[in-house]
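Asker: Sharing a structure here in structure tokens format.
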Amino acid sequence: MLKVGSSLLAADGGGLSPRFALGLAQFVSANLAAGRELVIVSSGAVAAGRAILPKAVDVGAPIAARQALAALGQAQLIALWQRFFERPVAQVLLTHDDLRNRRRYLNARATLGELLRLGALPVINENDTVSVDELKLGDNDNLAAIVAALVDADALFIATDIDGLYSADPRSNPLARPLDDVPELTPEVLAMAGGSGSNVGTGGMRTKLEAAAKAGAAGIETYLFNGRSGEVVRALAQDRLRGTRIHAARTRIAARKYWLRHAPVEAGAILVDAGAAMALSDKGASLLPGGVVGAEGDFRRGDMVEIRLRDDEGERCLARGVSQYSAVDIRRIARRHSREIENVLGYSYGENVVHRDDLVLL
């Protein structure tokens, strides 16, 4: 899996430039020639659209304007990648809902698997044209990590505009030292993350480390490297790392639990009492309506939501899971016994609000 940010593809005067993309394409070609399958997650559609209508939208404009630029630029982005390869390049656009909904998540995995079987090169981007602001994935670093787990990748390579992770931001601190090997993403390591230094993309070093943590939970190592350096990219094409290696977690969680932990969450939560919290955390139980005290948001049956403990100290997140009932229904059956559900609602989807198989503790 290769993730390429817009700062590596955007030309100084607007639009897309093949300057750095060529070297990255050679890295891709070297891996394909070695018999490896590869998927690209590529930003750059908005930057490409801005060149088509250079005075239309400024950086930081409302989302509808950025969506229009993404629609204009997506074809240009795919054309940029296609020019480097003889094999077909497949455009795959994903949204928050595609990864939050389990059935659509599995369908995306099947589609990507078939594209790879057919010898195509999938190029993935967030579908900025239709994503609404509150449901945007936010950055392609995290998208790349989730997709890396989805396709069961061996490694995630993140091309950036600096040489990897440093002990401090090298642009502002001359004493910053590069970190070649990161065995574990500790709080101290996360504190070293600085900004991207670019107004083109949305992901800084912090998001790259968050992505590495997501990939690591699936047993996938992450490599951060300077995509602007031809020497570094050529070394990578020869399997010689020049950058930062971030090790995978020692314990790989099961695929479904990974999805439950890392899929985008709906803007909502189920609120539970201390008894329910103890049953979930200590006994591995399912969540029953008797332990529910309320619901926040307007989620639907089948949505991924947070499960939060509400007590005298406030609220804190305990778990995530797939709700068997909508927020409206949960407010009606809260504090009720499971056998009362059908009498209250007129129907029942089962005795559990969230089944233990659809729940992961945080």
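Cβ from N, Cα, C; glycine included.
According to Swiss-Prot, the record shows the following:
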type	residues	note
BINDING	Lys3, Thr160, Asp161, Thr202, Gly203, Gly204, Met205, Arg206, Thr207, Lys208	ATP binding site
BINDING	Ser43, Asp128, Asn140	substrate binding site
DOMAIN	267-348	domain 'PUA'
Asker: Name the one residue among Lys3, Met205, Thr207 whose Cα is closest in three-dimensional space to that of Ser43 (substrate binding site); these are the binding-site residues.
Answerer: Lys3
Asker: Roughly how many Å separate the Cα of Asn140 (substrate binding site) from that of Met205 (ATP binding site), to the nearest whole number?
Answerer: 12
Asker: Please give me the CB contact count at 10 A for Asn140 (substrate binding site), counting all chains in the structure.
Answerer: 26
Asker: Could you work out which of the binding-site residues (Ser43, Asp161, Met205) has its C-beta surrounded by the smallest number of other C-beta atoms within 10 A?
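Answerer: Counting other Cβ atoms within 10 Å of each of the binding-site residues Ser43, Asp161, Met205, the minimum falls on Asp161.
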Asker: How many helix, strand and coil residues does the domain 'PUA' (267-348) contain under DSSP?
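Answerer: Taking each residue of the domain 'PUA' (267-348) in turn, the totals are 28 helix, 29 strand, 25 coil.
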Asker: Name the residues of the same chain, 6+ apart in sequence, whose Cβ is under 8 Å from the Cβ of Lys3 (ATP binding site)?
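Answerer: Residues satisfying the criterion: Ile40, Val41, Ser42, Asn140, Asp141, Ala144, Leu156, Phe157, Ile158, Ala159, Ala211.
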